[in-house]
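**Student:** The structure under discussion is supplied below as structure tokens; questions concerning it will follow.
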Ligand SMILES: Nc1ncnc2c1ncn2[C@@H]1O[C@H](COP(=O)(O)OP(=O)(O)O)[C@@H](O)[C@H]1O
Ligand SMILES: CC(=O)OP(=O)(O)O
Ligand SMILES: [Mg+2]
């Protein structure tokens with residue numbers, strides 16, 4: 001049987017899935033994390049069981065060895081289910097990559113060049129590709145870009161109100177991210193409600209560690225909340241989202257803060273973490289429930305920003321048929337969903353409290369039967385989408 005190996009690399013971790021090329025069945029999945037720390041950790045899941053291992057994992061190459069060891073020890077066999085290609089999530093494709101792309105030495109250099117624009121993501125994606133090339137030298141490697149789905153945004157959605165000559169010279173524009181997820185979820189939502197994708201006005205809320213909203217008109221992304229980098233838009237686990245850029249000028253003038261320090265402040269020390277000390281939504285809602293004021297404020301800020309984008313995109317689309325929640329927070333946090341959509345009955349959005357609090361089992365409706373707008377929870381599957389696009393490239 002032929003399969004596709006999908007890799008989603010982060011700076012100190014990577015997730016993988018082995019997917020059957022024909023049935024799309026997930027044959028195995030795993031997580032290799034705390035790469036470069038004193039003690040690393042790996043998990044491996046198959047139909048037969050779940051395995052965990054703690055050991056030092058100095059770099060991504062070593063991480064790949066841990067993964068291939070897990071396949072050798074616990075299966076499924078990479079010989080019987082030989083991968084025909086490795087598909088990689090690459091976050092920033094800039095203005096160079098609009099489609100899934102076979103990795104050549106030049107493509108890899110171009111992805112590396114884009115690291116400035118996605119410092120949390122692209123360097124890790126490059127590490128993952130290099131490690132995969134070493135581990136599987138005979139297999140084609142395919143890059144699938146988070147930015148690709150948003151290439152359909154019209155110029156008035158991707159252009160900033162920045163002096164045009166400067167914007168052009170430095171190619172400063174909005175790109176948008178999480179496109180693989182927004183594409184997968186908007187297609188899955190249309191299939192689930194049984195209506196043609198072409199006819200639907202949709203809003204997808206991808207709420208994970210990074211979070212973004214996408215307005216999808218007839219299956220095409222027409223606007224999204226992340227911009228030049230994955231920092232714009234929603235308040236996230238550790239990122240500010242939208243902020244008056246004059247704050248950066250002010251801090252720079254007042255404190256002479258170094259650029260890297262500023263980058264760290266905005267990307268890694270802000271968001272709900274910076275407001276409350278909790279970057280995980282489970283911890284934040286627990287603390288807010290227990291009466292922690294900073295946690296309650298952080299939750300309020302997080303939810304209000306969501307609501308602001310929902311309103312904006314309903315206006316941009318001229319109405320909405322389907323709203324879908326996805327990713328770690330979107331799929332699991334009933335409280336975030338209830339607060340984000342609370343009070344929107346006049347916009348035709350009526351949540352059903354029991355459904356919203358019900359158990360997860362694939363795509364499901366959480367609005368009332370009478371609600372003019374259908375609200376869904378749709379589990380994302382970026383890996384499956386990456387596998388499909390990888391197969392398209394390798395034939
Ligand atoms: N049961 C849950 N309730 C609320 N939030 C959850 C739950 N499970 C996971 N999360 C949130 O999901 C986040 C991770 O989402 P995920 O989509 O896996 O992110 P990423 O792919 O960006 O790492 C966690 O930080 C956590 O806040
Ligand atoms: C683009 C982005 O923010 O990705 P993630 O949510 O995986 O951090
Ligand atoms: Mg994610």
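Cβ atoms here come from the backbone N, Cα and C positions, even for glycine.
Whatever TrEMBL says is automated annotation, not expert-curated.
According to TrEMBL, the record shows the following:
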{"type": "ACT_SITE", "residues": "146", "note": "active site, proton donor/acceptor"}
{"type": "BINDING", "residues": "8, 382", "note": "Mg(2+) binding site"}
{"type": "BINDING", "residues": "15, 206, 207, 208, 209, 210, 280, 281, 282, 328, 329, 330, 331, 332", "note": "ATP binding site"}
{"type": "BINDING", "residues": "89", "note": "substrate binding site"}
{"type": "SITE", "residues": "178", "note": "site 'Transition state stabilizer'"}
{"type": "SITE", "residues": "239", "note": "site 'Transition state stabilizer'"}
**Student:** Go through the recorded positions 15, 146, 178, 207, 209 and pull out the ones with a Cβ less than 6 angstroms from some atom of ligand 1.
**Tutor:** 209
**Student:** Reduced to three states, what secondary structure does DSSP give residue 207 (ATP binding site)?
**Tutor:** strand
**Student:** Of 146, 178, 239, 382, which recorded positions are close to residue 15 (ATP binding site), meaning a Cα within 10 Å of its Cα?
**Tutor:** none
**Student:** Are any of the binding-site residues 15, 209, 280, 331 near ligand 2, with a Cβ under 6 Å from it, and if so which?
**Tutor:** 209
**Student:** To the nearest Å, how far is the Cα of residue 8 (Mg(2+) binding site) from the Cα of residue 239 (site 'Transition state stabilizer')?
**Tutor:** 20
**Student:** DSSP on residue 8 (Mg(2+) binding site), three-state: which is it?
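**Tutor:** Reduced to three states, the DSSP call for residue 8 (Mg(2+) binding site) is strand.
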**Student:** Roughly how many Å separate the Cα of residue 382 (Mg(2+) binding site) from that of residue 329 (ATP binding site), to the nearest whole number?
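**Tutor:** Cα to Cα, residue 382 (Mg(2+) binding site) and residue 329 (ATP binding site) are separated by 15 Å.
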**Student:** What recorded positions in the list 89, 146, 178, 239 lie within 10 angstroms of residue 209 (ATP binding site), counting C-alpha atoms?
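**Tutor:** Within 10 Å of residue 209 (ATP binding site): 239.
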**Student:** Taking only the recorded positions 89, 146, 178, 239, which one has a CA atom nearest to the CA atom of residue 331 (ATP binding site)?
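**Tutor:** Going through 89, 146, 178, 239 one by one, the closest to residue 331 (ATP binding site) is 178.
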**Student:** Where residue 329 (ATP binding site) and residue 178 (site 'Transition state stabilizer') are concerned, what is their Cα separation in Å, rounded?
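**Tutor:** Here the two Cα atoms are 14 Å apart.
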**Student:** Could you round the CA separation between the residue listed as 'active site, proton donor/acceptor' and residue 178 (site 'Transition state stabilizer') to a whole angstrom and send it over?
**Tutor:** 5
**Student:** Give me the CA-CA distance between the residue listed as 'substrate binding site' and residue 207 (ATP binding site), in Å, as a whole number.
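**Tutor:** Residue 207 (ATP binding site) has its Cα 18 Å from the Cα of the residue listed as 'substrate binding site'.
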